Amino acid sequence: MERITVNLAERSYPISIGAGLFEDPAYLSFLSGKQKVVVISNVTVAPLYADKILSLLDQVGCQTSLLELPDGEQYKNLETFNSVMSYMLEGNYSRDVVVIALGGGVIGDLVGFAASCYQRGIDFIQIPTTLLSQVDSSVGGKTAVNHPLGKNMIGAFYQPKSVIIDTNCLSTLPEREFAAGMAEVIKYGIIYDEAFFGWLEQNLEKLYQLDEDALITAIARCCAIKAEVVAIDEKESGIRALLNLGHTFGHAIEAELGYGNWLHGEAVSSGTVMAAKTAQLQGLISQQQLERIISILKNAKLPIHTPESMSFEDFMKHMMRDKKVLSGQLRLVLPTSIGTAEVVADVPQDIIKQAIDFCRTL
């Protein structure tokens, strides 16, 4: 078992990572007896894991209820958010209630945002069940819902009290979802840790075989990197923006094609190739480094191409709404090597177009 701390002074919290954590109530023992707890999940995850979590809470002495939401990125919106608010209000829950987000990134983002808003803020716990949510979205306090005009445009920075990661959850995850999570795992190597990138190149097969030691190693390294970055820059005014490698292009794909048609990690993978090609055209990385990035994403069974139906104009329409845009100036996260990246402003549009068109040929 690995334990990592996100250091944010009085708002610091632990991340527990291991196999079989859903069998041990110790990870929820910080909850007081008779504590009211609402477990919020979706119709896919709840039948698999809700009873286990409710049983742990019962052993701790909590009073529990379960809310099941529809499953899918298309439900990460204000309508679903409102249904959570209605459930909480109709249940007469006061400010001492704790909510648990049991699911993937959609559940974590939506429930975290609901927790930040309900009666101006209540405690919540992240129990992520997908690889993507375990290595990325459950850590760091970004919470949000989507708007038809842009992804994650309505949200807040709001930290959980604890993150509990049971790697055994990944045994029920479809391979497509696992691959989507690998896009975020690979991202950490590209932007922050060349040695980890090399380790991933050598251990992809073990990860896809769900080797326990390999999974814990990879998830722990990703969480440690994110914890380090968030401790330095919680609200993304500096270094935290680097965690958005591939996301400016990727969010454009999701918004244009409709949320849920491409998984978030699939869009990030395609976006990472476009960002890497942009960097290579700008002279920031070599052809060999570009090829390593493309190769590892391809070997991880991820898309590396541009969606055929999307024009350059489609991309720019959405990218100019990106949260990193300042004073009308598009800023892109670009790799400067394997293991380093920076935010680059004012990339010429013809370079961006070349990068997008390059990915059409892959």
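Cβ coordinates are placed from backbone N, Cα and C, and glycine is handled just like the others.
Under the heading NAD(+) binding site, Swiss-Prot lists 71-76, 105-109, 129-130, Lys142, Lys151, 169-172, citing sequence analysis as support. For Gln74 (NAD(+) binding site), the number of other Cβ atoms no farther than 10 Å from its own Cβ, over all displayed protein chains, is 14.
Under the three-state DSSP scheme, Glu184 (Zn(2+) binding site) falls in the helix class. Around Glu184 (Zn(2+) binding site), the same-chain residues at least 6 positions away in sequence with a Cβ under 8 Å from its Cβ are Leu131, Leu132, Val135, Asp136, Cys222, Gly265, Val268. Taken from Swiss-Prot, the feature Zn(2+) binding site applies to Glu184, His247, His264, supported by sequence analysis.
Counting every protein chain shown, 13 other Cβ atoms lie within 10 Å of the Cβ of Thr172 (NAD(+) binding site). Within 8 Å of the centroid of the Cβ atoms of Glu184, His247, His264, where the record puts Zn(2+), the same chain has further Cβ atoms from Leu132, Asp136, Ala183, Lys187, Gly246, Gly250, Gly265, Ala267, Val268.
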